[in-house]
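**Q** One structure, as structure tokens, below. Some questions next.
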Amino acid sequence: MGVPSEGAVGNVNGNEVGTTASFAGYMETRGVREARVLASELCRHMYTLGWFSGTGGSITIKVHDDSIPKPRQLVVISPSGVQKERMVPEDMYVLSSDGFILSTPPLKPYPHKPPKCTDCTPLFMKVYEMRDAGAVIHSHGMESCIVTMILPFSKEFRITHMEMIKGIKGHGYHDELVVPIIENTAHEAELVESLTEAITAYPKTTAVLVRNHGVYVWGDSWISAKTQAECYHYLFDAAIKLHQLGLDWSTPTHGPIRSINGIWGCNGTMSRGLKVGGLSLDDMIEPSQRCILLDIEGTTTPISFVTDVLFPYAHANVGKHLAATFDSEETQDDINLLRSQIQHDLEHGVVGAVPIPPDYVGKELVIASFVANVEAMIRADRNITALKQLQGHIWKTGFQSNELVGVVFDDVPEALERWHASGIKVYIYSSGSREAQQLIFSNSNYGDLRKYFCGFFDTTMGNKKETHSYFEILRTVGIDRPSDMLFVTDVFQEAVAARAAGLEVVISIRPGNGPLPENHGFRTIETFLEI
């Protein structure tokens, strides 16, 4: 960042203005004045909330102008190292959309220090670039620090079944809110790379926590950013209070945090002779784990439901879905992911990949090329995020219209209820997107089963056949001993990868599942009631 040289003519959001009188006039427009006033008011307000104490924290707002596209609008940013409760409009910096400082605050007499633009500036500009935001807030609120300390090795904050989740864009009461956590650094500007990675890995998030530091929150406008920041801080505070009470904020019931020993699903109180579902407890698996990680296809759900129902539905409706929702933010996110994947496929000679024509040829031809690529991906049964995310959104339409109903094996609800009653945490890890996973269990043939799950993982954690993916899940859940988690899958290669990470593993034998290698060395089950 820098200041244009004296006497030069600069291009500010598409308008050629000089750096002297023209710049001065431009800085005095109504939009810039209002944005400066608003930013100073919000600084004073957020100081009272404890977000901007000790000169910490910062805010930035785009200068709204209907005649200028948001990516090219001017940016107002609060300064660094000043008393936020005493902020006035003249204290604000004004930057161009590409980060050049156009206006600096005036010098103030002792004991004030010379003005300095906040160290958050490169992070703010990165959020503007990646999320087309209208405002970004960086809070040092105490709750945003402490919540990252509760699970010191976790890379995510998760919470569900709280009313204030509805205040976060794209989330409802039953949804699981996931906020990525990045590690703090000595200098704020050094966070840009990890912030970029977090925003890329979590396309739905509107916040990123910085461990032992604070949180960045953004929205389409200053109102959206402020409202969501208030909701995030409420949820962080709720998690801390629940933790103090020994209650689990990450589960639907927010029940006691338990350490389970002995037989799963019976609190260790059942006698050895008791029969369960026709199985003797002598035949049941008795691990000491406190978490279960479940696959879906071939484990909780028949393979035929996926291959004969879900995949054909997505295949038959991809063109219709893209045409009907093409301009929506959700579908544009899907299309951007597909573009990246298709470009990668073309560069690597993947069969079925075809180039996407430029937008000016018309929407119909562009959609047709996407359909051709997606159909090729479906035929090849590729487990890639771009495809899984789009399929999930197509299936959402099917579930909402009651054209689709999720299917689980008959033993699944009973087992989930038993584990839940015993305080055992259950998670899902599937190649399908998190959203698709929740659709299956919220619209199942046994009703809404989501209350039994503590979280959902997809391939954003990594490939299911790679060991590092399971290490990531362990770190996210906050489990110190890998053997405290039991993984249930029908895929031998996944079982091998999970075992290499230290998890206990059993293989699910269900109708329609593929054969296993001879002498595979894993315990097998035919029903969850064996666990």
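Backbone N, Cα and C atoms are what each Cβ position is placed from, and that goes for glycine too.
Pulled these from Swiss-Prot:
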ACT_SITE  Glu163  active site, proton donor/acceptor
BINDING   Cys120  substrate 1 binding site
BINDING   His138, His140, His213  Zn(2+) binding site
BINDING   Asp295, Glu297, Asp490  Mg(2+) binding site
BINDING   Ser430, Ser431, Lys464  substrate 2 binding site
REGION    1-248  region 'Methylthioribulose-1-phosphate dehydratase'
REGION    292-531  region 'Enolase-phosphatase E1'
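Quick one: where do these features end up spatially?
**A** Cβ neighbour count for Glu163 (active site, proton donor/acceptor): 11 (other Cβ atoms within 10 Å of its Cβ, all protein chains included).
DSSP gives Cys120 (substrate 1 binding site) a coil state; it is part of no helix or strand.
The 10 Å shell around the Cβ of His138 (Zn(2+) binding site) contains 28 further Cβ atoms across the protein chains shown.
Secondary structure from DSSP puts Asp490 (Mg(2+) binding site) in coil. Same-chain residues at least 6 positions away in sequence with a Cβ under 8 Å from that of Asp490 (Mg(2+) binding site) are, in sequence order, Asp295, Glu297, Gly298, Thr299, Ile303, Ile507, Ser508, Ile509, Arg510, Asn513, Gly514.
Around the Cβ of Lys464 (substrate 2 binding site), a 10 Å sphere holds 22 further Cβ atoms from the protein chains shown. In three-state terms derived from DSSP, Lys464 (substrate 2 binding site) belongs to neither a helical nor a strand segment and is classed as coil.
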**Q** Which of the binding-site residues Cys120, His138, Ser430, Lys464 has its Cα nearest to the Cα of Glu163 (active site, proton donor/acceptor)?
**A** His138
**Q** Sort the binding-site residues His138, Ser431, Lys464 by C-alpha distance from Cys120 (substrate 1 binding site) and give me just the closest.
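**A** Considering only the listed binding-site residues, the nearest one is His138.
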**Q** Counting only residues 6+ away in sequence within the same chain, which have a CB under 8 Å from the CB of His140 (Zn(2+) binding site)?
**A** Trp51, Phe52, Ser53, Gly54, Gly56, Gly57, His213, Gly214
**Q** Averaged over the region 'Enolase-phosphatase E1' (292-531), what pLDDT does the predicted model reach?
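**A** The predicted confidence over the region 'Enolase-phosphatase E1' (292-531), as a mean pLDDT, is 93.
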**Q** Fill in the CA-CA distance, Lys464 (substrate 2 binding site) to His138 (Zn(2+) binding site), as an integer in Å.
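**A** For Lys464 (substrate 2 binding site) versus His138 (Zn(2+) binding site), the Cα atoms are 35 Å apart.
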**Q** If you take the centroid of the Cβ atoms of His138, His140, His213, the listed Zn(2+) site, which other residues of that chain have their Cβ within 8 Å of it?
**A** Gly56, Gly57, Ser139, Gly141, Ser144, Cys145, Val210, Gly214, Val215, Tyr216
**Q** Between Ser430 (substrate 2 binding site) and His138 (Zn(2+) binding site), what is the CA-CA distance rounded to a whole number of Å?
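**A** Rounded to the nearest whole number, the Cα-Cα distance is 34 Å.
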**Q** Given the recorded Mg(2+) site (Asp295, Glu297, Asp490), which additional residues of the same chain have their Cβ within 8 Å of the Cβ centre, ordered by sequence?
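**A** Those within range, site residues removed, are Ile296, Gly298, Thr299, Thr300, Thr301, Ile303, Ser430, Thr489, Val491, Glu494, Ser508, Asn513.
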